[in-house]
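Trainee: My structure is below; once you've seen it, I'll send some questions.
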Amino acid sequence: MLTVSVKWQKKVFESIEIDTSQPPFVFKAQLYDLSGVPPERQKIMVKGGLLKDDADWSTLGLKNGQKLMMMGTADEIVKAPEKGPVFMEDLPEEQQAANLGYSAGLVNLGNTCYMNSTMQCLISVPELKSELSNYQSARTKDVDQTSHMLTVATRELFSELDKSVKAVAPMPFWMVLQKKYPQFAQLHNGNHMQQDAEECWTQMLYTLSQSLKLPSPSEDPDAVKALFGLNLLNRLHCQESSEESSETESVFSLKCHISHEVNHLHEGLKHGLKGELEKTSPSLGRTAVYVKESLIDSLPRYLTVQFVRFFWKRESNQKAKILRKVDYPLELDIYDLCSEDLRKKLEAPRQKLRDIEGQKLGLQASAKSSSKGDDVKMTDAEGSSNQSGESSTGDQQEGASPHMTGIYDLVSVLTHKGRSADSGHYVAWVKQESGKWVQYDDANTSLQRGEDIIKLSGGGDWHMAYIVMYKARLISM
């Protein structure tokens, strides 16, 4: 770690710490936070010329206390906050108590609500936070530089959100996100453009899946896939011949397709698991239409569903939005969407779940009272997650392992308000470990009632669900 000062115009920024295990781009992000000069405009003189984003610090000969010179024009569009974050431990005890319960909001840096809402949903996953906290700052050769930088920036952002009681300006994270995915740096008339939250969500999970699956303190070599990934068993049938084939596909989310027939999430999921595609037929020797039917073959700890609300409208040359109301539950059972093999694995945990719930209701559970495929009545989803964040049912037995039941509890909703994906506003609604719901509208946070969360189902110009995340209901066997 080195400490330097930087002279820019008439200002001198004293005692800036440089983490030499991080690339110079991170240092430039620090300077952006202080000066408002974007990294791409920064010209910093070092030994051998200008400081490059991926330079090796050990070759630059920097010394503690050295003064560096920076040139560049500040960005007037987005300015760093004048005051830094206020941390919980710096507040009086009475204020600390008043602010406990949920993390801080995120400052909108200029059409960054898509990013803010995505990160507020992801930070609600304690297992992901644990994996990130164990991630090392020193990059391994198996991770590319920008993926490593984004993973470290995510770790630091989550840490700051947990400590701060005032809204955090995610400037360093945002700069690294744009470095990794330049589409998020697009400008229109000098302003940053609104982006698609689903694209941000998908890119974040992909990046973290690449960096966190490598050798680390984690017991799971592919932690992100274990948390969010599911396997689909795809069966293909050619409509013009008797050809049939099957393949396995790994995905991080399911799609809820919306049509005039779809009124509920479950119906949309069924539509999303069926479709048509064109591919070469070996027997016909030409391209033919195949019917594709998918079944879920493995379940994730956290199930993500995207409502396919946006489509390309040629007349206006932009993404238009389907406003149709599609209801979704606090509690989702996807047993009937699973493959035959997976259903067999779920039968015993589901039966034990029925027995436990029957005992709670003062009833004598019996296997004869319901068939294997019947819907399972569950306790109120508001109280289904224990305080550690583990969605589970039944007493934890020593040595017992948790098993999937195919039943999930809603833990976060990402909504969009507006008529186009390229405009409008994104907001996150996140269930806390206490069972309470909090709305994260950029820097503003507010408590919400659980019954109001399922009203974000669309049908007008109000906030409507675009991405929902459910947590698995587990049972010890």
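Yeah, the Cβs are placed from backbone N, Cα and C, and that goes for glycine too.
Keep in mind it's a predicted model, so treat the numbers as computed, not measured.
So Swiss-Prot says this about it:
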type	residues	note
ACT_SITE	C113	active site, nucleophile
ACT_SITE	H425	active site, proton acceptor
COMPBIAS	382-399	compositional bias 'Polar residues'
DOMAIN	2-77	domain 'Ubiquitin-like'
REGION	171-190	region 'Calmodulin-binding'
REGION	364-401	region 'Disordered'
Trainee: So if I measure Cβ to Cβ from C113 (active site, nucleophile) and keep only same-chain residues at least 6 apart in sequence, which ones fall under 8 Å?
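Mentor: Expected: Q194, H425, Y426, V427, D442.
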Trainee: Please work out the helix, strand and coil residue numbers for the domain 'Ubiquitin-like' (2-77) from the DSSP assignment.
Mentor: 18 helix, 26 strand, 32 coil
Trainee: Mind checking how the region 'Calmodulin-binding' (171-190) divides into helix, strand and coil residues in DSSP?
Mentor: 14 helix, 2 strand, 4 coil
Trainee: What is the Cβ neighbour count of the residue listed as 'active site, proton acceptor' at a 10 Å cut-off, with all protein chains included?
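Mentor: There are 17 of them.
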Trainee: What does DSSP say about the residue listed as 'active site, proton acceptor': helix, strand or coil?
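Mentor: DSSP assigns the residue listed as 'active site, proton acceptor' to strand.
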